[in-house]
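Report on one structure; see the data block that follows.
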Amino acid sequence: MAKVVTRFAPSPTGHLHIGGARTAIFSWLLARHNGGEFVLRIEDTDRERSEQQYTDAILASMEWLGLNWDAEPVYQSQRDDLYNKYIDQLLAEGKAYYCDCTAEEVEAMREEARANGKKPKYNGKCRELGLEKAEGRVVRFKAPLTGRTVWKDLVKGSIAFDNEELDDMIIRRSDGSPTYNLAVVVDDHSQEISHVLRGDDHVNNTPKQIMIYEALGWDVPEFGHVPMILGSDRKKLSKRHGAKSVMEYEKMGLLPQALVNYLVRLGWSHGDQEIFALDELIEKFSTDNLSSSAAGFDPDKLLWLNAQYMKESSDADLAALVAPFVKDAGFDKSVEELTAMVPLFKDRAKDLIGLVEAMRFMLLPDSEYEFDEKAVTKALTEEGKQHLANMREQFAALEAFTKDTTHDVMANYVSDNGLKFKAVGPPLRVALVGAMGGPNLPDVMEIIGKERTLARVDRALEQ
């Protein structure tokens, strides 16, 4: 197989959203599966709407997702000379022409075509006039008038367009700037792109681009058009469906591997398998398994998958991921300290912000964590406090303060006094956690240590 080179070509007019991210992931996987290259192109020809902050944000989102690229990104705004070189070549070879028709004239042509039951398009008025270059004139590509443009799409199968239905498209505007379809073809050729995976909103651009490839005598890459992502109501995905930018998912505490896994499964499958390590995705990815049907976005499924990734993460890795969120919440804890904490909580949260909330009682100073009033009323009765005070004496006497020794204190106290655990567990839990729920108490005591355990018990006894 010839060298596989794929690309992702975002426009820096906003943040990277999940539709674009999914396309980037598919392109990246195709390159990595085949031992090829994945390159980036910033399509910033919309000078008014393109902003550097969005370029920076897109690149940062790609890095966060783990989608590394193999060459310096190419910027379309820096390549006008290259585009004009090939536009001039097409003019010289009689494959393009100057046109001085006004926008009003072109619209009148389209209205006339509609009135006659034909597809609205430019009627080729200037096609054979041989106009010279002049201010205000555009350059149009001389499209074939007969025949069909056909390609075998990697996702949708064979697609054909009748050439007579296609316009003589503008390839250079009156201000001298190249148009999208011309620039894309020149860029894909110069970057040696072999496979183009993109959204199916580009299907109508493909025959136009194939015509330009053929006019310039270049090999045409393979095209694959993936369906859009839909909301739960089967309408085009938007923010009201819970869709966010990649950066927003990062800020809300999703793991990048989980988001990659979820987006891949929106349109690609390998049997019934749901969860894939990145190496597995690279090994198993094939365009043969890309679906031609639109997939529905499910925020709950994404959170479920993220929770699975959190559970399977090593404690050290998860601690490193949650550390910035802990800091943002106002707590000064080292990764080492967090590594000890996260095993108690990673089954209890769906994202990293939820993990911080679950750990909050342990992160807070002993004088600041809050007591749940209902839990205090239920557990810290006079009898409950007496059991708590009695166990405090035994905890204080321990030389080795571990989960095993604290467990033994609790078990022996229950046994020696003919009690059931529910007589002593709830008061101690409210003392340490501030509520009736939470992780295993000996684990909590081992992590916060003897001094903090006794301080929390003392505070509970004052309630």
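Heads up, the Cβ atoms here are built off N, Cα and C, so glycines get one too.
Of the listed segments 41-45, 171-175, 186-190, 236-240, TrEMBL assigns motif ''KMSKS' region' to 236-240. Among the ranges 10-20, 76-86, the one that TrEMBL lists as motif ''HIGH' region' is 10-20.
Proximity of GLU128 (Zn(2+) binding site) to non-local residues of its own chain (separation of 6 or more, Cβ distance below 8 Å) is seen for TYR97, given in sequence order.
Under DSSP, GLU128 (Zn(2+) binding site) is assigned to coil, being neither helix nor strand in the three-state scheme. Same-chain residues at least 6 positions away in sequence with a Cβ under 8 Å from that of CYS101 (Zn(2+) binding site) are, in sequence order, MET109, TYR122, LYS125, CYS126.
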